[in-house]
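Asks: One structure, as structure tokens, below. Some questions next.
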Amino acid sequence: MINFERVSKIYQKNWVALDDVTFEIQKGEFVFLTGPTGAGKSTVLKLIYKEEEPTKGTIKVMNYHLRHLKKNEIPQLRRKIGVIFQDFKLLHDRTVEENIAFALEVTDTPPRDIKKRVLDVLTYLRLSHKKFKFPYQLSGGEQQKVSIARALVRDPYILLADEPTGNLDIKSSQEILDILLDINYQGTTILMASHNLLLVRKAKKRIISLLNGRIVQE
Amino acid sequence: MALGIGVREGIRTIVRNSSLFILSLLVVAISFFLLSLFALLTINLYSLVKGLEGKIEIIAFLDEHADVEMLHSNILRITGVSEVIYVSSETALKELQEEMGETKEVLRVFEDNPLPASLRIKLAPEFRNSKGLKELSEKITLLKGVKETIYGGELVDQLKGVTKIITYFDAGLLMIITLAVIFVTFQTIKLTIFARSTEIEIMKLVGAEDSLISIPFIFQGMIQGLLGGFIAFVLLLITAKVGSAFFSIPYFPKLFLLVGNLFFGMIFGIIGSAIALRRFLK
């Protein structure tokens, strides 16, 4: 599903974010990406959805050879990948329902399907009663759930989570992890970057540890 | 579908950044107003010069014993002369009396008609300048039976000179205003792109096409230009209305100015936003 072959990423001023990284993630796997800040976790995620280009090496995601992917083909790749972040990235002038629908509206989903799909995902995440609320009226955990809903509503094959529990308390973090595990159980491949080792160990899933841009433990 | 979403997002952007939008709208409107005002002035000057040109003529005063018919045909044969009209001394007096109106009684001091008969000589367009007038009038003065010739071409030359300067000024102004409007739109769209960076980020992340991401900004630039052009036209109408109390505007091509303002407003708006998109929507 995701294949990194001797991938390096060097930013400006010779800052090495990733150094000769090779790994493979199978379809339906749940993998944690751990390591301290600056280890290269976010870079790995950004390379997968082609926000960044590798300096060296090859990356294959699903059937896409990312090096050969043209600029106008990137949207097609991203429509199959969901991404969630530590800071949720919600639109504060739109309700929960509008935030989720937005992801469908801008990707050519027929209007008659949008309402139903939004409602389905809200029901699944037990957020239906909050659909007319604005993000600032929600707790951090609820906001992250909305962000998951927005990623999930497009039925992605892969879900990338960049420190999704970074801003949450223990209880909310556990709740988010449980949701992600359930999503994975239903077949979605998940790669989650986190430095919350306690949470990661509890989940008993495969772990890739990064340090200074290199894989130190698998 | 995509267009509908794009336009909806464009309207949302305008509403949310309304103060920025209004500010740049005003700049665009004032720029176009100035441009229209000078365009109107130039158009009127041109039409004035053209009108005056049509009236340019040489008047040849005749001797008492002049052979009018012979002179008439001789003058008509000169290159540059398009028409020759004979005005008898009686007709000239009558015209003068009509022009003087109530003060015509003054003319009673003359026992006889003091006005000589004359020929009014109209010129072909290419001779309607002071050089042509001078040349032809010298030729006509040499003819037997012509006492004297008069003409007034210097005013037209001066007007033409002024019109030329104003046309250059217009061209310069057009260039400055083109750049100003494009720059203002560019800056507005740039700030709007920054203000909407989260939306743009999410759109890209979920796989929206670049064209869809661009539509709201192109839409905003276009609306800004169109509205700016329209407001400029309304300002021009108001100015013309107020101004008509002090001076007359003989030629006011409203449709031309309206369509011109809307068209260029829209085009400059689109160019401005396209440049901003190219630079900031990577």
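Any Cβ shown, glycine's included, is placed from N, Cα and C.
Pulled these features from TrEMBL for this protein:
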- B:86-113: coiled coil (COILED)
- B:57-148: domain 'FtsX extracellular' (DOMAIN)
- B:174-282: domain 'ABC3 transporter permease C-terminal' (DOMAIN)
- B:20-43: transmembrane segment (TRANSMEM)
- B:165-186: transmembrane segment (TRANSMEM)
- B:226-249: transmembrane segment (TRANSMEM)
- B:255-277: transmembrane segment (TRANSMEM)
Asks: Based on Cβ pairs under 8 Å, which of the stretches B:20-43, B:165-186, B:255-277 lies most in contact with the transmembrane segment (B:226-249)?
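Replies: By Cβ pairs under 8 Å, B:20-43 leads among B:20-43, B:165-186, B:255-277.
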Asks: Let's see if you can do this one: DSSP helix, strand and coil counts over the domain 'ABC3 transporter permease C-terminal' (B:174-282), in that order.
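Replies: Each residue of the domain 'ABC3 transporter permease C-terminal' (B:174-282) counted once, the result is 93 helix, 0 strand, 16 coil.
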Asks: Give residue numbers and ranges for long-range contacts of the coiled coil (B:86-113): same chain, 6 or more residues beyond its ends, CB-CB under 8 A.
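Replies: Contacts of the coiled coil (B:86-113) (Cβ under 8 Å, skipping residues fewer than 6 from its ends): 68, 72, 119-120.
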Asks: What residues in the same chain, six or more past the boundaries of the transmembrane segment (B:255-277), come closer than 8 Å to it by Cβ-Cβ distance?
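Replies: Same-chain residues near the transmembrane segment (B:255-277) but 6 or more away: 28, 32, 36, 39-40, 178, 181-190, 193, 214, 217-218, 220-230, 232-233, 236.
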